[in-house]
Amino acid sequence: MAKQHYATSSLVIGYALCSSLLAIINKYAVTKFNYPGLLTTLQYFTSAAGVWGLGKLGFLCHDSFNLETAKKFAPAAVVFYLAIFTNTNLLVHANVDTFIVFRSLTPLLVAIADTFFRKQPCPSKLTFLSLVIILGGAVGYVITDSAFSLTAYSWALAYLVTITTEMVYIKHIVTSLGLNTWGYVLYNNLLSLMISPIFWFLTGEHKSVFSAVKSRGESWFQLDAFVAVALSCVFGLLISFFGFAARKAISATAFTVTGVVNKFLTVAINVTIWDKHASAFGLVSLLFTLAGGVLYQQSVTAKGHIAAPQHEHASEQHKNDSDSAEYDEEKHFI
């Protein structure tokens, strides 16, 4: 019993550390290695190779890769790639706090899309209140953002559009394929890896990489950039492992609470270690946005508890698919 307790505690602590540190590590990575397209490609390769290798060693079980499933999964992979691509470019041009604020806005956009486009029922009063708090905190943050730039906020809006599209529509495509969680991670990362070279040439990043290698000659290798990229890739794979394992080891409520605490830890660590963070009022606005997110999760959980019994199985399956998408996005956080 004691061994099981320590094992569960280790999984939760591992997930909390990976989740709270990953956004900061990714920001550090794009600061030292200013090639977002190549960085995400290395992340995709590490995650896909890690899942495949661990599967071969028997540590996990994933669906085998086949062309027919890949064709059906392709639209989801494209949208996922765009979400990570815009997210990484947002971190290039803005601080971690700005990313967290815009990431926290997704429930608001998803609720609007569900109501107006998918004809879902209007949010409950508690859910509506939480969305208003999220919006108010985000507006307060933007108004007081001294580092405001059109480029950064353009990437932020592009990220919001793509991540909302994935949450509202794409995950329903993936659900019908019947993939398990590690199969989802494998397909998402392997297909995204195949897409990456297209964006290298479309954005012209390949020219910047070749120019940097030529200009530095034999000294092109930089240890600090290598360490930053390696940490980003390794933590990306670790958060998938700890996220899935912790989700199975603890209750849904405990996992949700852990996720909320992780966001606050990210803000605290980000403020402590360097000056790449928002002003005092901006941080207060950010905390309001996170508080609105907590209230939103509470309202959704309460709504789920009063759902009809015949929908329980479908709701659990839907939640599992949503969790899979969240983990895969979060490892780039993400």
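Note that Cβ sites are derived from N, Cα and C of the backbone, with glycine treated the same way.
Remember, predicted model here, so these are calculated numbers, not experimental data.
Of the given residue ranges 279-296, 297-314, TrEMBL assigns the label transmembrane segment to 279-296.
Taking every listed stretch (73-92, 126-144, 150-170, 182-203) in turn, the largest tally of C-beta pairs under 8 A with the transmembrane segment (42-61) is reached by 182-203. Using a cut-off of 8 Å between Cβ atoms, the transmembrane segment (182-203) and the transmembrane segment (279-296) share fewer than three residue pairs, counting only pairs 6 or more apart in sequence. Model confidence over the domain 'Sugar phosphate transporter' (17-296) is summarised by a mean pLDDT of 82.
Beyond the transmembrane segment (150-170), the same-chain residues lying 6 or more positions past its ends with a Cβ under 8 Å from any Cβ of the stretch are 75-76, 79-80, 82-83, 86-87, 89-90, 92-94, 98-99, 102-103, 105-106, 109-110, 113-114, 117-118, 142, 322, 325, 329. Under 8 Å from some Cβ of the transmembrane segment (73-92) lie the Cβ atoms of residues 23, 26-27, 30, 34, 36-37, 39-40, 98-99, 102, 152, 155-156, 158-159, 162-163, 165-166, 170-171, 173-174, 177, 179, 187-188, 191-192, 195-196, 199, 328-329, 332-334, all in the same chain and six or more residues away from its ends. Scored on C-beta pairs under 8 angstroms, the neighbour of the transmembrane segment (12-30) with the top count among 126-144, 223-245, 279-296 is 223-245.
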